[in-house]
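In Swiss-Prot this protein carries:
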type     : residues : note
DISULFID : 33-60    : disulfide bond
DISULFID : 349-429  : disulfide bond
DOMAIN   : 29-444   : domain 'GH18'
CARBOHYD : 289      : N-linked glycosylation site
CARBOHYD : 311      : N-linked glycosylation site
SIGNAL   : 1-26     : signal peptide
């Protein structure tokens, strides 16, 4: 290395480059694992104990505990299940796992559409009110610091409950494109003060980041599906004040939003004659276009471990090829999730393995995606009485790995995995625990 001694400037330049390369490289290939704490108190096969959670932690860089909420009067962070988090000390039981898994950072997430009003609907109003007043933000910030320190969390994740875009009817591609463009310039349909809230959210992050940095704690943001980044997120300011952002690149179509049309819930690329924004690539590209190449490693792509399911009717046809017309809302709940229109990976795997002669649960026909661009689905056409029809679009280990490969190819930070409790955490399908999580990790 005599040339370094002769030219110290080049040596300094090389050291700077290596430091940049190492810091950037260290930030890619991350796996953010979301943990629905309600899985701990569910009954039956959906219940996931801490012992069943632990095998996943060897693959996770971050564990995000979901979810806390906000008090509508004091604007302080609050538990959404005090009997679990306080009486049973569940927060501390989770963060105590750090002793066995020191490589994992434990975050507490706020919002996530779990903070609901008296009607059981995600409450966005108080999240906007908190942003609007400086004293409300200060109350929230102080309570966050106390909650993290009291329970041993390494940081806070803001899955902020902004108003969601309204569902759009299926229509031709020209109308889809025009509707999307028109939506960029009009915010009155979901929030007349979106510009103010956009700036106020950036201010909240700047203030909160300043407090958290003193204690070496993390600040992250999780975008929820159907929340418009164009309306509510100042991308450069947000990325400059957070450690990373988990993109809501899933649930583009759901039975709740689109009860009459079944379609692939999470295509990787744009599909013909669909909303051009309803795919992973579009969402990622929007964020990449708004920031510098240096900050791209802060973006994590959301990947799920479940499927969205609709009832097929006689008028839905027999081919199963999406989009499926004349669907009849959410399919019946599974034995594990017990939620209409939502099936976990082990529930889907079980349905796929049923034999045709099984009268209780007739088998589904799986249709793959040789293009590796849009996703897979399985279906059962309605019978002569118009009953027992089912259509489900979902992720499996292979499609999740394809998305992880996309993340790697784009130079993004990693994957945000939703949710550990929906993966096959008992290995009941193929004998391997957390197969989707594993497939993502190995591809990253």
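Cβ atoms here come from the backbone N, Cα and C positions, even for glycine.
Here the features listed in Swiss-Prot are placed on the structure.
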residue : record                      : CB count, 10 Å
33      : disulfide bond              : 25
60      : disulfide bond              : 24
289     : N-linked glycosylation site : 8
311     : N-linked glycosylation site : 25
349     : disulfide bond              : 17
429     : disulfide bond              : 20
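Taking CA atoms as the reference points, residue 429 (disulfide bond) and residue 33 (disulfide bond) are 21 Å apart. Ranked by Cα separation from residue 33 (disulfide bond), the recorded positions 289, 311, 349 are led by 349.
On a Cα basis, residue 349 (disulfide bond) lies 38 Å away from residue 289 (N-linked glycosylation site).
DSSP classifies residue 289 (N-linked glycosylation site) as helix under the three-state reduction.
Cα separation, residue 311 (N-linked glycosylation site) to residue 349 (disulfide bond), rounded: 18 Å. Counting in whole angstrom, residue 349 (disulfide bond) lies 24 from residue 60 (disulfide bond) by their C-alpha atoms. Following the DSSP three-state reduction, the secondary structure of residue 349 (disulfide bond) is helix.
Note on the domain 'GH18' (29-444): mean pLDDT across this stretch is 93.
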